[in-house]
């Protein structure tokens with residue numbers, strides 16, 4: 001029997017939105033919703049647990065920061081077998097940079113869930129990255145290492161980690177593609193439209209037409225990212241042609 | 001049928017000692033012995049893998065360092081619920097300090113397994129800690145997160161991590177116990193003897209007698225550690241008496 005009244009007990013009505021919101025962000029069901037609530041609790045709320053210990057997202061942020069570093073290390077270890085220790089360390093710090101984490105937290109709209117006495121407009125940029133790290137810590141406590149790894153794979157590594165671009169070998173695939181089109185005297189056109197569908201975040205889709213042919217499509221959380229993603233795909237599709245020039 | 005010729009194929013005779021040595025250090029069977037060999041391979045050997053990438057322990061050290069930090073973070077998160085982010089960060093860096101890791105690597109006798117063209121006497125202290133981190137990375141690749149966590153629990157946390165002592169609240173339990181005995185005009189005696197048994201490392205056992213009674217026993221990898229461990233046990237056994245003074 002699939003139906004169980006327990007489901008309703010553990011997520012009373014007022015928690016329903018939070019539960020659904022978190023589920024969409026995670027891509028899987030939270031088990032213990034309380035730990036996620038803590039991940040969004042700002043110290044200004046002055047909450048304390050039953051033992052009287054201060055309760056806010058900062059301890060989870062400590063845990064999530066470590067988890068994130070480890071999972072990114074593991075990814076780099078296998079995806080760049082030729083990189084030495086120094087290279088791996090440098091790449092990891094680029095991926096988990098404050099700027100990058102803030103972008104991630106912002107794309108996931110985490111600020112919407114933050115509970116605080118301070119108006120949200122008063123927070124600096126770092127709140128996005130800090131809450132993102134706390135969320136990673138919460139996932140680890142709730143579902144363990146493997147779920148945490150999957151979350152980081154789908155929400156960080158796949159959409160954001162491009163080794164070539166992080167190495168600075170490629171600044172922008174879009175500019176490479178445009179340059180090629182101009183040299184080849186081929187027309188090109190980026191057709192961008194909103195396409196959020198059932199996603200947690202606003203999404204944009206783009207079609208890149210070169211000459212008469214739709215060469216690549218892509219979706220991402222900003223117009224710029226979608227164009228860059230489509231350009232990257234087009235670049236690899238055209239690579240042998242580009243490189244022979 | 002338990003007997004399988006595969007076992008012999010995967011660990012030919014010349015590897016037998018290494019396999020058994022690693023198994024004793026780990027406390028469980030390695031699956032892929034090759035990854036452990038890499039954890040002991042110094043760069044001076046100039047080895048390369050099939051793709052021509054340099055092969056030595058440094059990449060595994062990068063991975064192990066991250067794993068260790070995460071597992072210690074997780075331990076501190078649950079064992080010190082009252083500690084804030086700053087406290088947890090400070091305690092973690094004490095636990096994973098270079099000095100501490102070198103001590104760990106030395107206690108496990110890891111240098112015995114290092115393959116190097118440089119004479120071992122020429123290495124500085126850090127080789128012990130570096131190889132320890134590489135070993136943690138190898139365990140993670142070979143057996144995954146849970147085994148890695150178990151190894152760190154039994155080889156690092158249980159024998160070495162004493163929060164009170166790391167906090168500097170207690171410098172030495174031995175001195176607390178001695179002070180108490182002197183005030184109480186009680187005789188005390190530490191009886192230390194070698195007791196390695198089937199262990200990987202040389203071990204010492206100690207009996208602490210206060211007055212006529214054997215108050216605590218302990219075993220550790222050095223005389224000093226065994227005395228401290230027994231003193232700690234005695235201290236907690238005597239605590240109500242000590243605190244009422």
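In case you wondered, yes, glycine gets a Cβ from its N, Cα and C as well.
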- request: Name the one residue among A:51, A:58, A:61, A:194 that TrEMBL lists for the same Mg(2+) site as A:130, A:133.
  value: A:61
- line: Summed over the domain 'RNase III' (A:19-144), the DSSP helix, strand and coil counts are 85 helix, 6 strand, 35 coil
Message: Return the residues near residue A:61 (Mg(2+) binding site) by Cβ distance under 8 Å, restricted to its own chain and a separation of at least 6 in sequence.
response: A:130, A:131, A:133, A:134, A:137
Task: Taking the recorded Mg(2+) site as A:61, A:130, A:133, identify the other residues of that chain whose CB atom sits within 8 Å of the mean position of the site's CB atoms, giving them in sequence order.
output: A:57, A:58, A:60, A:62, A:64, A:65, A:101, A:129, A:131, A:132, A:134, A:137
- prompt: Across all chains shown, how many C-beta atoms besides its own are within 10 angstroms of the C-beta of residue A:130 (Mg(2+) binding site)?
  reply: 27
- line: Using a 10 Å radius on the Cβ of residue A:133 (Mg(2+) binding site), the other Cβ atoms enclosed count 26
